[in-house]
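Written below as structure tokens is the structure these notes are about.
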């Protein structure tokens with residue numbers, strides 16, 4: 001053994017084992033990414049297969065560079081297909097990313113971009129930061145990003161959520177999706193280094209979704225060892241006592257089984273094809289046996305304590321869990337099975353701040369402002385009453401036109417006043433018909449018709465009144481008190497002259513600059 005991430009000691013221990021120890025069939029382990037990657041790159045020269053249970057760095061997935069490297073733990077990139085499934089499940093098609101400027105997080109972000117490409121999901125904004133995330137958070141809000149995919153450590157997470165609280169980027173309109181490998185009560189270790197109150201930080205954190213690999217399978221099925229994952233965990237806890245637990249222990253346990261089954265398959269293959277060769281004959285220059293071990297490792301497929309153990313290009317196809325931060329604790333709300341490419345969400349466990357999952361953007365609904373139907377109905381009813389009343393007056397006037405008092409009041413002029421009033425009444429119906437009742441083309445026609453009707457109606461009614469008033473004025477202005485008669489025909493000529501002027505104006509208007517339908521944009525309003 002050697003101190004974690006001490007490259008010199010790690011490499012020395014490996015080379016000493018190769019030089020001075022017995023012939024090793026495989027290499028098991030490698031926790032630190034730097035040491036593991038250097039060893040894994042050189043293994044091809046010794047025909048040695050390496051199996052790691054804790055190295056999650058995405059760099060090790062490069063099979064051209066590390067052809068003999070396998071791992072029982074999913075890589076950091078394994079969360080990205082799970083995130084894609086989650087986005088599709090809630091129909092989130094517009095997201096933004098917020099990444100800490102560290103290689104580990106940048107690699108995951110870059111892989112996520114490739115995973116989302118061609119899936120009809122838009123990354124509308126990509127932000128990164130080194131120490132202060134507030135500027136990036138503001139930019140995300142400015143671009144109306146509602147679903148934020150974060151990649152940062154616990155220390156930066158505290159700063160991010162403090163900024164999110166200041167910018168009001170939390171609650172029912174936002175969903176944060178961040179790494180799920182943080183320690184329990186992780187924020188308590190870093191809250192003092194921020195300028196954020198604990199209650200404000202917790203308010204911003206409420207409802208975030210964490211994504212990480214599942215340490216142990218939740219299925220109550222017997223594994224290859226004959227134990228269920230729950231029985232294994234109970235036995236593991238009993239044997240470790242008060243010792244510190246690692247979330248990789250299940251992957252280490254399954255790793256031993258992977259090696260055992262690999263050697264078993266290699267032995268069966270040798271027995272079936274070459275009676276004289278055994279696995280004990282392996283040495284570092286035996287390329288043929290090394291290739292047999294490599295092929296046998298690729299055939300791994302069994303149910304272990306961490307789920308179905310299957311490799312695809314040396315990468316573990318594992319189970320990814322989703323947890324949600326609810327009232328100061330992490331609650332498991334779903335899991336993604338990479339082997340079957342299926343997502344299971346516990347709708348009873350997951351809780352959103354609003355009545356439904358957040359929308360992925362501000363939804364702008366263009367709504368035509370229209371006349372209130374009840375108001376239009378009331379005014380139409382009053383208009384009908386007015387027209388009925390006018391019709392009654394017209395009938396009364398025509399029926400009694402030969403009576404002396406009616407005859408003296410110029411019934412023909414009265415009829416013109418009533419007809420003008422009825423035309424004006426009729427225009428009310430047309431003015432109430434807006435875009436919610438008629439088509440665009442019909443609306444333009446109505447604009448012209450209602451203007452003509454109202455103009456002609458008004459001129460007819462008030463022109464007749466003016467003519468009658470003028471006749472009274474002309475008679476009583478006669479100071480000589482001579483008998484002066486002004487007949488209705490002359491008054492009709494006056495009204496006709498007024499109508500002729502109106503018609504000339506209306507016709508010129510229609511020819512030169514006819515009325516057109518235009519749409520006026522108003523300021524946006526928050527939907528209640």
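Placement of Cβ uses the backbone N, Cα and C atoms for every residue, glycine included.
Feature annotation from TrEMBL assigns transmembrane segment to 373-396 (among others). Sequence-distant contacts of the transmembrane segment (373-396) (same chain, at least 6 residues past either end, Cβ-Cβ under 8 Å): 414-415, 418-419, 421-422, 425-426, 428-429, 432.
According to TrEMBL, the domain 'G-protein coupled receptors family 3 profile' annotation covers 375-514.
For 416-437 (among others), the entry in TrEMBL reads transmembrane segment. Listed by sequence, the residues of this chain that lie at least six past the ends of the transmembrane segment (416-437) yet keep a Cβ under 8 A from its Cβ atoms are 368, 370-371, 376, 379-380, 383, 386-387, 390-391, 393-394, 397, 443, 446, 449-450, 453-454, 456-465, 492, 495.
Per TrEMBL, transmembrane segment is recorded for 449-470 (among others).
Outside the transmembrane segment (491-512) by six or more residues, the chain places 410, 412-413, 416, 448, 451-452, 455-456, 459-460, 463-464, 466-468, 470-471 with a CB less than 8 A from a CB of the stretch. The transmembrane segment feature in TrEMBL is assigned to 491-512 (among others).
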